[in-house]
Amino acid sequence: MAFLGDCVIVFVSQMLFFAGGWLFFNKQLFKHYEIRHISVQLIFSSTFALSITMFELIIFEIIDVLESSSRYFHWRLGLTLLLFMVTAVIPVYICYSVIHSISFFSDRWVRILTTLCWFVFLYGLWRIGEPFPLLSASHGIFTIEQGVSRISVIGVTVMAILSGFGAVNYPYTSMTYFIKPVSRNDIICFERRLALTIDMLTAKKRRIAMAIYNHNKQHPAKPRIWDMLTSAVQRTTSSGEDINQLKLEVYGLEELQRSVFLELSSLKNMEERQRWSQTLQGKYFNVLGHFFSVYCVYKIFMCCINIIFDRVGRKDPVTRGLEIAVHWCGFDIDLAFWNQHVSFLLVGCIVVTSIRGLLLTLTKFFYRISSSKSSNIIVLILGQIMGMYFCSSVLLMRMNMPAEYRVIITEVLGNLHFNFYHRWFDVIFLVSALTTIIVLYLSRKPVRVDDTDLH
C-alpha cells in the first residue's frame, strides 16, 4: 500500500507539472500563433513534466519523502521515459515535420526518410562517446547509463554556454556602472543626422530616377543587345548626370544611415536604462549585479584553477561550509539537522533559478526565430534542448548534495565518469564567459559616424 500511495503522489505531481507546461505553451510560446498540432503541445508538456519530476525526486531525497525503494523505482522510470522522449519521440517528430514540409515527397518517402534520419541521429549520438571518456558497449547499449552519458555531453555543453553567458551578461545589463551616460542633446543630434541623411538619400535617388526617365524619354526603345552594349560604355545621360557616380553616393549614404540608426538606437536604449536604474527595481538589480559580478570573477578563477590542476570538488558546498563553521569558527550546531535543511534550501534555489532561467531563455529564443510555418518545429527543438538540459542538471546537481542524499542517484546513474562532466562544464563555461566578455567589450565601442559624408 505504501508503494501505491507513493505512486499516487508522484503521478499527481506529474499531472500538475504537465498542466504547467501546457499553460506555458499556450500563454507564452504560442500566444501569438494558432495551435495547429495538438501532438506538439502534448510532447512539449510531457517533456516538461518529466524534466521537473527529476528535480522533485532530488527534493524528495533530501527531505526523505516516499519510501527508498519507491524513489529508486521512480528515478529509473522517470529517466527511462525522459531518455525515450529525447532519443526517440522528439527526434522522430522533428525529422517527420521537416521532411513532411517538403511538398514533393510522398507519404511513403516521408516515412522512409524519417526513419533513415532517426538512425543517423542515433548513430551520431553513439559516436559522441568516442572522443570522450564515456561508457563503452561492454556496459550495454540500451541502458540508462549509456543514454545519460551521451545526452549529458550535449546537455552539459548547453548548460555551460548559458551559464557562462548569463554570469557575464546579467551584471552587464543590471549594473549602473556599465550604463553609458547619455544626454538628451546627444539623441537630438543623432536624430538630426539621421533625418539629414534620409533627406540626402531621397534626393539622390530622385535624381537617379529622373535621369533614367529623361534618358528613356529622349532615346526610343532599342534592341536588347544594343542596350547592353551602350550601357557598358555610357556613364552619363544627356543632361550631364553621372548615374554610376550617383549610385556610389547612394550606397555610401545607405551605409551611413545604417550606422547612424544603430548608434541612435543604442543611445535610446541607454537612456531607457538610465531611467530604469533610478527606479526601486533598478536599484535592487544593481545590487544583485554587483553580487553576480563577484560570483562571475570567482567562477572564472575557480574554473581556471580546476582546469590547470585537474581538480574536482570532493565535498558538496553545504557540508564544507558547515565543517568550517564547526571546526574553524567554533560554532556548536547540529550538523545532521542543518545539513539537511541548508541542502534543501540550496537545491531548491538551484531548481527554481534553473527552471526560470531556461524558460525565459527558451521564450526569448522562440520569439526571435519563430514564424507561423516553423513554430511547431522550433518548439520541438526547444523541447529536445529542455530534456537534455534537465537530464544533465540532475547529473551536475549531484555534486551539490551531501553524500548521504546522493546514494540512490549514483545507483541509478551507474558507473558514469562524474568528474569528466564537471571538468567539461568548467571548460565550456570558461570559453563562453570569456567570449561573452569580448563580444560585450566590442559592442560598447562607439560607432564612428563620418560627418564628411553629409556634405
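Cβ from N, Cα, C; glycine included.
Lifted from TrEMBL, the feature list:
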- 6-26: transmembrane segment (TRANSMEM)
- 38-63: transmembrane segment (TRANSMEM)
- 75-96: transmembrane segment (TRANSMEM)
- 108-128: transmembrane segment (TRANSMEM)
- 141-208: domain 'Golgi pH regulator conserved' (DOMAIN)
- 148-170: transmembrane segment (TRANSMEM)
- 277-445: domain 'Abscisic acid G-protein coupled receptor-like' (DOMAIN)
- 284-309: transmembrane segment (TRANSMEM)
- 344-367: transmembrane segment (TRANSMEM)
- 379-401: transmembrane segment (TRANSMEM)
- 421-442: transmembrane segment (TRANSMEM)
Count, for each of 108-128, 284-309, 379-401, the Cβ pairs lying under 8 Å from the transmembrane segment (75-96), and report the range with the highest count. 379-401
Please figure out which one of 6-26, 38-63, 108-128, 148-170 racks up the most CB pairs under 8 Å against the transmembrane segment (379-401). 38-63
Summarise the model's confidence over the domain 'Golgi pH regulator conserved' (141-208) as a mean pLDDT value. 83
Using DSSP three-state counts, the residues of the domain 'Golgi pH regulator conserved' (141-208) come to 59 helix, 0 strand, 9 coil
